[in-house]
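**Student:** Feature list, courtesy of TrEMBL:
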BINDING   7, 373  Mg(2+) binding site
BINDING   14, 272, 273, 274  ATP binding site
SITE      151  site 'Transition state stabilizer'
SITE      230  site 'Transition state stabilizer'
Ligand code: ADP
């Protein structure tokens, strides 16, 4: 099955075409356009490029949509999905309008090709109310004010892959089929995984038996860990307080929280951890603080989720910050021997992907699993389309 993954930004369109065959996937082509003003034109151009390269067959198009309120999961992207994206655009203004436009354009251009939306919130469908509710008035909850969770595509892949690497094919199979069949009963020992997606945007997810049970993310991706330039957790009183004290409008305060906060706001250096680390190594105190605050927050959530899960069989690291910075993994894992987690310094320095970085006496495995979110979208899209072919409704 050939699946086109469409990655839509507010002014960009990138695509990858995969051939999926059972468990294996092959990248056939990729391309992209910047400064897009007309999605129809660039989608036509992309189809032209693919056809010219001999890739005429597209069996499905997959989209990594962010937030659709109550509409979530991995599902066929019909017009109700387009509407849900527009209805929740206030919380994901950079992502939802381009995805709604992109899905509509594919519907118009390739009406016979199924479109699949894999929501970033999908993995959190089964998080219990105690873990996803904020303690706000009922009317706020009814207006959609709750934790949704994000980076679901990445964390779900970590659930699948960690179970495979730990030899738990039962849990891995259940995790692979989660969006088709819902959570499966685990008849074996529990599998408790804490997954750290640390990149431009970061989150920690607690996973029991292949299903997310808690997330550091909240109503929007501006929560949890300090992000590259977005604030993480923030006391709700801080926003009106800063507006009064600094004379900010709500729009300006929101802009500063979304663009001038996080690692950039703390360090004053930039939003890329490489630059912040270099400055910290030169003795810059604010850069050192940004790193310490990031590590503190990661450990804060690991600790919380360790307790909620009743233990941790594997600590998983993924995405740019996790995969490329042994010093950060070391800082996160420091002094946890009392919990049964010990990093092997040599294995950590070598960091071969998908190998265990834990010391011999560690009860918790430590894995670095490379992120590949386009591939996750392609796989989930193919699973859904294949399931409908087998069992048309
Ligand atoms: P996103 O896809 O969310 O933009 P990534 O997963 O690519 O983010 O992560 C970006 C972060 O990863 C940056 O803070 C950057 O410092 C870090 N990073 C990426 N590559 C490297 C590298 N080779 N060495 C150190 N850090 C890296």
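Heads up, the Cβ atoms here are built off N, Cα and C, so glycines get one too.
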**Student:** Listed recorded positions are 7, 230, 272, 273, 274; which sit with C-beta under 6 angstroms of ligand 1?
**Tutor:** 272, 273, 274
**Student:** Test of understanding: give the count of other CB atoms lying within 10 angstroms of the CB of residue 273 (ATP binding site).
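**Tutor:** I count 25 other Cβ atoms within 10 Å of it.
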**Student:** Radius 10 Å, atoms counted are CB only; among the binding-site residues 272, 373, which position scores highest?
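**Tutor:** Sorting the candidates by Cβ neighbours within 10 Å, the top entry is 373.
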**Student:** Would you identify which of the recorded positions 151, 274 has the most other C-beta atoms lying within 10 angstroms of its C-beta?
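**Tutor:** Selected residue: 151.
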**Student:** Near residue 7 (Mg(2+) binding site) in space, meaning Cα within 10 angstroms, which of the recorded positions do we find among 14, 151, 230, 272, 273, 274?
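**Tutor:** So far as Cα distances go, the recorded positions lying within 10 Å of residue 7 (Mg(2+) binding site) are 14.
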**Student:** Filter the binding-site residues 272, 273, 373 down to those whose C-alpha lies within 10 angstroms of the C-alpha of residue 151 (site 'Transition state stabilizer'); answer none if the list is empty.
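**Tutor:** So the list is 373.
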**Student:** Given the recorded positions 14, 230, which one is most crowded in terms of C-beta atoms within 10 angstroms?
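**Tutor:** Counting every other Cβ within 10 Å of each candidate, the maximum falls on 230.
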**Student:** Whole-number Å only: compute the distance from the Cα of residue 274 (ATP binding site) to the Cα of residue 230 (site 'Transition state stabilizer').
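**Tutor:** A Cα-Cα distance of 17 Å.
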**Student:** Which state, by DSSP, holds residue 14 (ATP binding site): helix, strand or coil?
**Tutor:** strand
**Student:** How far apart, in angstrom, are the most distant Cα atoms among the ATP-binding residues 14, 272, 273, 274?
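**Tutor:** The span, Cα to Cα at its widest, is 25 Å.
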**Student:** Where residue 230 (site 'Transition state stabilizer') and residue 273 (ATP binding site) are concerned, what is their Cα separation in Å, rounded?
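**Tutor:** For residue 230 (site 'Transition state stabilizer') versus residue 273 (ATP binding site), the Cα atoms are 14 Å apart.
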